[in-house]
Amino acid sequence: MHSKFFAASLLGLGAAAIPLEGVMEKRSCPAIHVFGARETTASPGYGSSSTVVNGVLSAYPGSTAEAINYPACGGQSSCGGASYSSSVAQGIAAVASAVNSFNSQCPSTKIVLVGYSQGGEIMDVALCGGGDPNQGYTNTAVQLSSSAVNMVKAAIFMGDPMFRAGLSYEVGTCAAGGFDQRPAGFSCPSAAKIKSYCDASDPYCCNGSNAATHQGYGSEYGSQALAFVKSKLG
């Protein structure tokens, strides 16, 4: 009843009225929305991306978030047994579907991407294109719509296996690259929106031998990552 009255009132305002769809978007769409993608074998939800996801939510009251729904697996029975390659392919598709769908519903909402480990890899490919040849993913196109890319204001990747030292957005002590590192000369069209964190002792995003390093980026770089996001959101 109230919604019908509200709509009728708007229509009665004449040509100068704000379009109804625009009003409905303002009533239902947040100013900022965060997508989080978890690491391999993490339980459904945000996994270790939660540090930055929650930081953004706390810094911007009224902002919202959702987790990317994908296997996050590497063949382990605990995550359903999907191979890493299959999980990555499903993850890239899930990122594209979730972000593009949200953007079509809330085209004025600023978007933040936060991916940890495999979660960073799938977001990296979806946003930057270039494919993921080591995992058999040969589609090199950017998977997000141009409208969605425009509204992605910041992207944080932590422990991303596609890390390659020397790219403009790479941060940390790693001077090498991950097991799915980008090829020499790769250029991401959204490079200015990204910070990707990896340290030398990490065996997944770099060539180190300390697996514990891989789980420490939230505490090591969380504040720095949040500051970058804030600088991009304005």
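Every residue, even glycine, has its Cβ placed from backbone N, Cα and C.
Per Swiss-Prot, the feature active site maps to Ser117, Asp202, His214. If you look up Swiss-Prot, you'll see Cys29-Cys106, Cys73-Cys79, Cys128-Cys188, Cys174-Cys206, Cys198-Cys205 marked as disulfide bond. The annotation N-linked glycosylation site is assigned in Swiss-Prot to Asn207 on the grounds of sequence analysis. For 1-17, the entry in Swiss-Prot reads signal peptide, with the evidence type sequence analysis.
Annotated features, which come from Swiss-Prot, shown on the structure.
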{"residue": "Cys29", "record": "disulfide bond", "DSSP class": "coil"}
{"residue": "Cys73", "record": "disulfide bond", "DSSP class": "coil"}
{"residue": "Cys79", "record": "disulfide bond", "DSSP class": "helix"}
{"residue": "Cys106", "record": "disulfide bond", "DSSP class": "coil"}
{"residue": "Ser117", "record": "active site", "DSSP class": "coil"}
{"residue": "Cys174", "record": "disulfide bond", "DSSP class": "coil"}
{"residue": "Cys188", "record": "disulfide bond", "DSSP class": "coil"}
{"residue": "Cys198", "record": "disulfide bond", "DSSP class": "coil"}
{"residue": "Cys205", "record": "disulfide bond", "DSSP class": "coil"}
C-alpha spacing of Ser117 (active site) relative to Cys79 (disulfide bond), in angstrom: 15
Ser117 (active site) and Cys174 (disulfide bond), distance between Cα atoms, whole Å: 15
Rounded inter-Cα distance in Å - Asn207 (N-linked glycosylation site), Cys73 (disulfide bond): 21
Cys174 (disulfide bond): tally of other CB atoms within 10 A of its CB: 24
Spatial neighbours of Ser117 (active site) among the recorded positions Cys29, Cys106, Cys188, Asp202, Cys205, His214 [C-alpha, 10 Å]: Cys205, His214
Fewest Cβ neighbours within 10 Å, where candidates are the disulfide-bonded residues Cys29, Cys128, Cys198: Cys29
Length of the line joining the Cα atoms of Cys198 (disulfide bond) and Cys206 (disulfide bond), in Å: 7
